[in-house]
Amino acid sequence: MVYRNILQLSVLKVLLIVLIVEATHFGVKYELWQPECELTAELRKTAGVAKMKVNSDLNSFKTLELTKMKLLTFAAKFPESKEALTLRALEAALNTDLRALRDNIANGIDRAVRATAYASEAAGALFSGIQTLHDATDGTTYCLSASGQGSNGNAAMASQGCKPLALPELLTEDSYNTDVISDKGFPKISPLTNAQGQGKSGECGLFQAASGAQATNTGVQFSGGSRINLGLGAIVASAAQQPTRPDLSDFSGTARNQADTLYGKAHASITELLQLAQGPKPGQTEVETMKLLAQKTAALDSIKFQLAASTGKKTSDYKEDENLKTEYFGKTESNIEALWNKVKEEKVKGADPEDPSKESKISDLNTEEQLQRVLDYYAVATMLKLAKQAEDIAKLETEIADQRGKSPEAECNKITEEPKCSEEKICSWHKEVKAGEKNCQFNSTKASKSGVPVTQTQTAGADTTAEKCKGKGEKDCKSPDCKWEGGTCKDSSILANKQFALSVASAAFVALLF
């Protein structure tokens, strides 16, 4: 009887041990795996975020480029105006923004690729770890606990974000949920240690400890240093029945020791991807953009350069910076809005590819192709204008040369013998002449007495006056016929002709500058 009681007691102890062991078969708590599935879904947005970021920079570049071309279009039509100088100065400042944005785009593509690679790796690791727990079921028992710990959580896995990747044909531009991915880390992935990650008991044998060496015992020999690592460190068991989760909430603070892990690198690459662009902010108007440009050093430097180029001075000669800013941009950029209104309402030619002479308002031109055609049109118009001016100058020079060659003075100067000179009705021989003068010179008095007209050409008339002015002292050299210059009394009409020719040439040169 005693033996039977002892045997029954032994059996009860064994059954109790089995029940206790079975009761310790903990799965993974819903609050542990659900945020990781949510993070998986957010990380998979990275390709769309990268597309949005690169497109945003490209659109900013395009917006600035169109603004630049509109400013240059007005300046091309009125190249010598004060407005044109101002617009070219704004364009110079805008070019600095374009260069910075171009560099940002080049770097942005690299950031986009890196962020997408790291985020994809992290999302894949999270999904595969939780999928392993999902598949550890026989239809009755399970390793993923549902919310509330009372049932199987497998059915909720997909709805929480853990499902096979399926990209659309066209990536959707997206943005992150900042409750899941913040500027510091992954806020919902806070640490769960010891027994904090245990799900429903008696359901999952995955984290069962081996009672001895793994070679001869089932389970994991945690006492020997073995551990279970799911999702590249997202779920880790270093002790029996204790699935844990690392701290990934703040990589600059509490999760600093995780910064060099896959998840830390994924977050760092995402942060770099989200850096602000250099271009205009969404919704920024042309006037706002131009006012910001007017404040840049490059705009003021351009004004000084253009003024120096048109006057022959050096840029360092222009020192009154505030006065220059006020003159061209207005006090606190007050001239900018009126300038832009004038630009956008101006009608220009060249936008129509079929009819270049057709006019269009600058505000209606919103493609690079249209604006480039306008710039080409005015480039051709300027070229033709310069060619016509060069032709007119050459013609004028020829006419002046012809007039000088046919003047009475020139005809007399050709005679080198005194008898022949004296025989001419309009010439007289001068024995004593100054250096560079001819002996045979025109004599208007003799020509008049001989009945020869002395107003044959403009130059001839001037030479008649030259005879009157010749030899006079400074006191007697008076206008309108004579003018004292270079120590001698000269015909003022000849000086006027020379000044006229010089002014024409100067005007042509100024036109070439712009």
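Cβ atoms here come from the backbone N, Cα and C positions, even for glycine.
The disulfide entry in Swiss-Prot for Cys37 points, among Cys162, Cys204, to Cys162. Per Swiss-Prot, the range carrying the annotation region 'Disordered' out of 347-372, 451-476 is 451-476. The disulfide bond recorded by Swiss-Prot for Cys143 reaches one of Cys204, Cys412; that cysteine is Cys204. Taking all protein chains in view, 24 other C-beta atoms sit within 10 angstroms of the C-beta of Asn443 (N-linked glycosylation site).
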